[in-house]
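Take a look at the structure below.
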Amino acid sequence: MKKRVLIYHTGGTFGMALGDTLAAQKQSPHFLEDLLQRVPELPSLAKIELRILCNIDSSDANQKLWCLLANAIQEDWNDFDGFVIIHGTDTMAFSATALAFILQGLTKSIVFTGSQRPISAMRSDARVNIIDAVELATRGIPEVMVCFDSEIHRATRVTKYSNEHLYAFKSYNAPVIGSLGVNFKIKRKILNSIIPFAKRHMPVVNTNSNSNIASLLCVPGVMPSDSFIESLLNSIEGLIVQGFGSGNLPVTEKNWLNLCQKALLKKIPVVMSTQCESGAVSLDLYENGRIFSDLGVISALDMTFEAASVKLMIMLGRKISFEKRHEFFATPLAFECTPVSKNKEDIGTRK
Ligand code: ASP
């Protein structure tokens, strides 16, 4: 029997020109008609329905959209075998990661896709991306995924890498879990995680998150001033810093140390992420990281910046105690990091 796939449209480049008709009208039947006219293959892959949840540039996506999506999926759960979310590429990795954290114990596929060129444009990647995403959504892989340019990424491992190439996404610290080339290929381990149809129960939905965080990127010679530190720490509940390399910050001038020390004194958790796309944060590798680790700064390990920042919001939203912050961060919720013992082994070989 044909699988039932529900497509949620949220916006982005994908529907932009369909848009005058589609998005402006916000009428699902018109959007679906237009989509099926341009991609007539879709009904042979699955029984398709479509809902327009919103039509925004994904720069405007936020916690509200994550909740909207999670609640919609919960409501539609029993009527569909899989879900596709059309989303702008700019913040797709954040929204996909958030859903992977929010929907606990997932038993069906949630596939994010979008495109670099509108579906109406010459050489658009939208057609192939939606075909791939719908096909993937029928397979029952119990994960949130990003399907783009015929590659299948884990939601929590992917980053937007290019605004120019159709190959827009990369998973730097984890291999892709499959691809749709000449053949549809999925890793055996992932295929083994598919569970029988009768057991595809509703996930536990926990939308608690707290966006009252700040993100700072360290630039050589640019120091947070005392007044900046004071006003910042008076207004946030969590901080994520993108340090250099394996998670290092300047220590000769004490500003970053002061910032972290003062934050931690106020029980504001501080996460150290890195400006490197590839490789893990390893605070014990250099003195300029160790000092921060000794203060109590949390390592983002090999998480993407997207995963680390969303995990910080989720940690605050779930009211995880300040003392449990390291444990919470080091424990994968949805494959977002390599467990610490494995990271340690890797670092060992580099010494
Ligand atoms: N600015 C667009 C968005 O993220 C880009 C895209 O969809 O590719 O909504």
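In case you wondered, yes, glycine gets a Cβ from its N, Cα and C as well.
All TrEMBL annotations are machine predictions without curation.
Note that the structure is a prediction, hence the values are computed from the model and not measured.
Under the heading active site, O-isoaspartyl threonine intermediate, TrEMBL lists T13. In sequence order, G88, T89, G114, S115, Q116, R117, P118, A126 are the residues near T13 (active site, O-isoaspartyl threonine intermediate), counting only same-chain partners six or more apart with C-beta under 8 A.
Here TrEMBL flags T89 as active site. The number of other CB atoms found within 10 A of the CB of T89 (active site), across every protein chain shown, is 23. In the three-state DSSP scheme, T89 (active site) is classed as coil.
The substrate binding site feature in TrEMBL is assigned to S58, T89, D90. The Cβ neighbour count for D90 (substrate binding site), using a 10 Å radius over every protein chain in view, is 18.
Per TrEMBL, the feature domain 'L-asparaginase N-terminal' maps to 4-189.
For 226-329, the entry in TrEMBL reads domain 'Asparaginase/glutaminase C-terminal'.
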Number of other Cβ atoms within 10 Å of the Cβ of S58 (substrate binding site) across all protein chains: 22
Indicate whether T13 (active site, O-isoaspartyl threonine intermediate) is helix, strand or coil by DSSP. coil
With DSSP helix as H/G/I and strand as E/B, how many residues of the domain 'Asparaginase/glutaminase C-terminal' (226-329) fall in helix, strand and coil? 49 helix, 15 strand, 40 coil
